[in-house]
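Copied over from Swiss-Prot:
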- Cys237-Cys239: disulfide bond (DISULFID)
- Cys270-Cys273: disulfide bond (DISULFID)
Amino acid sequence: MSDYLVKALAYDGQVRAYAARTTDTVSEAQRRHQTWPTASAALGRAITAGVMMGAMLKGDDKLTIKIDGGGPIGTILVDSNAKGEVRGYVTNPHVHFDLNEHGKLDVAKAVGKNGMLTVVKDLGLRDFFTGQVPIISGELGEDFTYYFASSEQVPSSVGVGVLVNPDNTILAAGGFIIQLMPGTEEKTIEQIEQRLQTIPPVSKMVESGLTPEEILEELLGKGNVKVLETLPVSFVCRCSRERIADAIISLGPQEIQDIMEKEGYAEASCHFCNETYHFTKEELEQLKQLAEAKN
């Protein structure tokens, strides 16, 4: 099964729901950044939430999530858009702790609870929406739940999970977002709350082979879910050699000349995907000429 997400309605439109399988996407992030298990779980949870939140956007809109809880993992940064494309990184990928008292990876300890979760939506035409809430648990699912309630005034339940193999590879990853529309009946809310208390962790559901549609049925009941759209999900970075070259050109002829004399080459890495771009002295000379032409 490839990664994808579903958008759905349930209970005759009273509930909006999203569910995603992100195992391959989180695996690609782990491979690129060589994250250790606890860092993999933290980054994977953020990526999973990010791609589902991106699916709430339209057209070319995009969003950035910044999680900075003051923990040893540093900052988690995730970019996503309305097309199911997501990328992300963590400042300190080599963070791992013993399992917590529940036998799970200790994401809260890695993330920390002394900081903020920030969401910036780029809605085009210089129209930005910024929402920011304090991190309340560091487990991230609860933090995104709090974000929706506090910043967007939408009662929600967010579940995100990642299972990591002993060799650091990703066994399973996925998540869901359940949102109550205005006027949701009390009976509906009670039924959903009961199901949320009894279902297995979302990562376990993905591991057992459940599709995003089936995960929503577990959450909301069979026959209640009306799928509106399915969307492929993947790790996509928009960096390129051309963009890095443009950045070097923008330094100006003199600074490029200094690099050529001191280093003899230039190397730049993209934070989001860890791709490294190398420019030889000859290539720098060409970029210097382009910079001179611009001046």
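Each residue, glycine too, has its Cβ placed from N, Cα and C.
The Cβ of Cys273 (disulfide bond) lies under 8 Å from the Cβ of Arg32, Arg87, Tyr89, Phe235, Cys237, Cys239, each of these being in the same chain and 6 or more residues away along the sequence.
In this structure, Cys237 (disulfide bond) belongs to neither helix nor strand by DSSP; it is coil. For Cys270 (disulfide bond), the same-chain residues 6+ apart in sequence whose C-beta sits under 8 angstroms from its C-beta are Cys237, Cys239, Ile244, Thr276, Tyr277.
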